Amino acid sequence: MTAMTVGAEVGAPVRRAPLLRLFRSELRMILRRPRNIIGIGLLGLVPVVAGIGISIAASGSSSSDGDSVDGLAALVDGNGMLLPIFALVLALNMLLPLTGAMLAADALAGESAHGTLRGLLLAPVGRGRLLAVKAMGVATVVLLSIVLMAVTGLVTGLLLLGGDGMLSSSGTQLPFVDGLGRIGLTIVLLTVQIWALAAVALAVSAYTEHPLIVIVCSLGLLIVSGVLSAIPALDWLDPVLIISSWESIGEVVRDPLDWAPLGEGVLRAVCYMVIGISIAYGRMLSRDG
Amino acid sequence: MNRKKTALSVAAAGTATGVVGLVLIASPAGANEPPPALPGISAEALVESVLSKDHIPALSGAVEFQQNIGLPIPGLPASSAEGDAIAHVYANGDGAGRISIDQGQSERTVVHNNGTTWVWNSANRSVTKYANTDSDTEDKGTPEQLADPAGTAREVVGLMQRDSTLTVDGTARVAGRPVYQLVLTPKPTERTLLREIRVSVDSETRLPLRLDVLANGQADPAVRVGFTEFKPGPQDPALFTFTPPAGAKVTDGKDAKTHGFDEKNVESLLGGLDFKTVGEGWDTVLTGKFPAQLLSQGLPTGNGRGGETPGALIKQFAKEVTGPFGTGYAISTHVGTALITTDGRIAVGAVPQQVLVDALGQK
């Protein structure tokens, strides 16, 4: 008994390696699925399409007032560094949550559906570590898709729309490096929000063996949150809804930045992550092989 | 079995932590704190200390605006959600200032410095420049007044106390700062829709941090303008300079045409209104005349086409009333009433409809 404990303690630092290996193999598995590759590739195309659309719209309306595009899109014309932010904020409404939900659905429910989760549960890997690997796989691929979108957006923006530095919505010209910082900030904020949704999806994923249910539940959560936030009588509910800080992400294009709503959004997302992961963990522990 | 228990407790503990976190985020900071203990102050001294501030100190803050007057008012910004800022203000304490107004999809920035005001509108990327405007003097008062704040305060307080009761109603917290609450309540004889006006004055800088207008029969303020964040202190000087970005349309304020309305038209219209006030104090009613055909004239709209007639527009949210004044339309809100008669008279006041009718009768 004592020997084993000692052995385990001696072996403890060595344990990290398998976790990393598991994580790498999980990542390889996710990225080898054709649907994931196609999905991520299409996400990467979104900023390109948006950029082409905006440049066509802008050149078509150059004779008139230029009011044909409004909102953030109006700012993007001739201001290429804003394109990745614009495209990411656009994708936040549906495409990115869909990606997160799809990955989370594959992670546990998908394995159940194929009957492969049983093998994983029986394997000499702790259930907590199994969940950690699955969650890290989902998180990494979500981050990867968002970064890919930002990169294609930035390249498209600089090539098609041009612009020197970034014009903030407050009318100030930010230098190139600051602009990159804003894009980086957008990536971080968006990633955290999608992680929050993916964590909830993962919890659902742990309970069912039908990946479709996970996607339906996650998108249902979004739609219901949207409806609830639109009802004025339920305004008091707003601060706990998962989507309530998504709108404020568009504020990264302001100058000076107001950190308060952004920080609040991250905290809210962390709360949802804690809820999602702990429910998923509880389910994984109690699940029979 | 044991594992199941662990699993359940892990899930429960995690969920509870998350939910508590969400609720903590949702509850505004300091909401449940007892009101701060501040040295007592008389209403007169408080007004004096507010008036003795001859300039706005360096500060940065976020401003919220909420209205619940029971009528959508075009042009007025939609009320922000609880605690959400619609504008950010910065001042350097030396007359320069910056305001950023969030208009949902777009943003308007106003930078004022050294007599020049820049207005930036991100919706169409336009910049309007106003030189030597004195738009910042409105809340400064006249120099003579400022020379003797104590005297002015006595005067103001005396003036107010003719029709209202002015009290300091304890303390509170606004934007996390301890404030005195100065409350202006109409005397019982006043015929007004308003219950009270509450001004929250910062205990340290003596700046009004929030204004609440409360109407009769309403628990929530009908109008609230106030800071949700307030930080006095030196600001980055770069905030108070504005360089029109490349590719922006820059127009001079003098040449700039206001949208929809021709300025001259509006001026002549206002001149013809012949405004005068009836009554005093809280039941002051503003009466005026306007050409009656205006009600049936098409509204000038941005794209040049004749829009709906103002008369038709009014009918949408007004109630048709008849009385000694003839027929007209009454627009009632929680904080005031407006009466527009078909023969071209108008009366507006923070009063019930009957007072307006009386005011129209007094000729």
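Using N, Cα and C of the backbone, Cβ positions are placed for all residues, glycine too.
It should be emphasised that the depicted structure is a prediction, and the values quoted were computed from it without experimental measurement.
If you look up TrEMBL, you'll see A:37-61, A:81-109, A:130-163, A:183-204, A:211-231, A:266-285 marked as transmembrane segment.
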Which of A:183-204, A:211-231, A:266-285 contacts the transmembrane segment (A:130-163) most, counting Cβ pairs under 8 Å:
A:183-204
Checking distant contacts: for the transmembrane segment (A:266-285), what same-chain residues at least six beyond its ends satisfy Cβ-Cβ under 8 A?
108, 127-128, 130-131, 135, 189, 192-193, 195-203, 205-207, 239-240, 242, 244-245
Residues of the same chain, at least six outside the transmembrane segment (A:211-231), with any C-beta under 8 angstroms of its C-beta?
94, 97-98, 100-102, 104-106, 109-110, 113, 197, 200-201, 204-205, 237-238, 241-244
